[in-house]
Amino acid sequence: MSNICWICNDTCDERNNFCICSEEYKIVHLKCMQSWINYSKKVECDLCKNKYNIKKSYHYFSRWKWCFSDKKTVLSKILFIFFAVGFIFITTSMSSNVASLVTRIDDTFFDVVFLTVYISMILVTVCLCVFVLALAVDFLLDAKEKNSFLTIKEIV
């Protein structure tokens, strides 16, 4: 009787010791097991519940695949970032007007309202910068997870 890989059902001469299961489950190609682990993301054997000897690795950043699965969410994030950058640009371009306003302190109602609005815009700009930074970090962490792969080794 020939040995058959339990994943691909092809002939197999390898006996790999990935868990403590019986002999028939040790007959598996290393490539088949690698593919199965990366597809299923399981860290332990379904039968014996023994944890696999798995190492998580990442592709080089230059070879990352950028996955935009939910186009609606990505589009809304891009539009938000453009809005935030535009808002930040407008706020910083107004700074020269505020500097001249502060140097000639008139307590007119218009000046007080303008300063209040400008200070509010600065606070909103800071919040937008923090939020855009959080979006970028979230996007990069998600991309990092999608560009990871698992390698399995035999138990000793």
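Backbone N, Cα and C define each Cβ position, glycine as well.
Note that this is a predicted model, so its numbers are computed, not measured.
The topological domain 'Cytoplasmic' annotation in Swiss-Prot covers 1-73 (among others) and rests on sequence analysis.
Under the heading zinc finger, Swiss-Prot lists 1-55.
Taken from Swiss-Prot, the feature Zn(2+) 1 binding site applies to Cys5, Cys8, His29, Cys32. Applying an 8 A CB threshold to same-chain residues 6+ apart, the list for Cys32 (Zn(2+) 1 binding site) reads Cys5, Ile7, Cys8.
Within 10 Å of the Cβ of Cys19 (Zn(2+) 2 binding site) there are 20 other Cβ atoms, across all protein chains. The feature Zn(2+) 2 binding site is assigned by Swiss-Prot to Cys19, Cys21, Cys45, Cys48.
Under the heading topological domain 'Lumenal', Swiss-Prot lists 95-116.
Swiss-Prot lists 138-156 (among others) with the feature topological domain 'Cytoplasmic', giving sequence analysis as the kind of evidence. Here the topological domain 'Cytoplasmic' (138-156) has Cβ contacts under 8 Å with residues 16-20, 30, 33-34, 37-38, 41, 50, 52-59, 63-67, 77 of the same chain, all six or more residues outside its ends.
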For this session: Pop the Cα-Cα gap between His29 (Zn(2+) 1 binding site) and Cys45 (Zn(2+) 2 binding site) into the table, whole Å please.
Result: 16
Problem set entry | Any further residue of that chain within 8 Å (Cβ to the Cβ centroid of Cys5, Cys8, His29, Cys32) of the recorded Zn(2+) 1 site | Trp6, Ile7, Asn9, Asp10, Cys12, Val28, Lys31, Met33
Exercise. What are the DSSP helix/strand/coil residue counts across the zinc finger (1-55)?
Worked result: 14 helix, 7 strand, 34 coil
Exercise. Across the topological domain 'Cytoplasmic' (1-73), what does the pLDDT come to on average, as a whole number?
Worked result: 81
Problem set entry | Tally of residues which DSSP labels helix, strand or coil - the topological domain 'Cytoplasmic' (138-156) | 9 helix, 6 strand, 4 coil
Exercise. Near the Cβ of Cys45 (Zn(2+) 2 binding site), how many other Cβ atoms are there if near means within 10 Å?
Worked result: 15
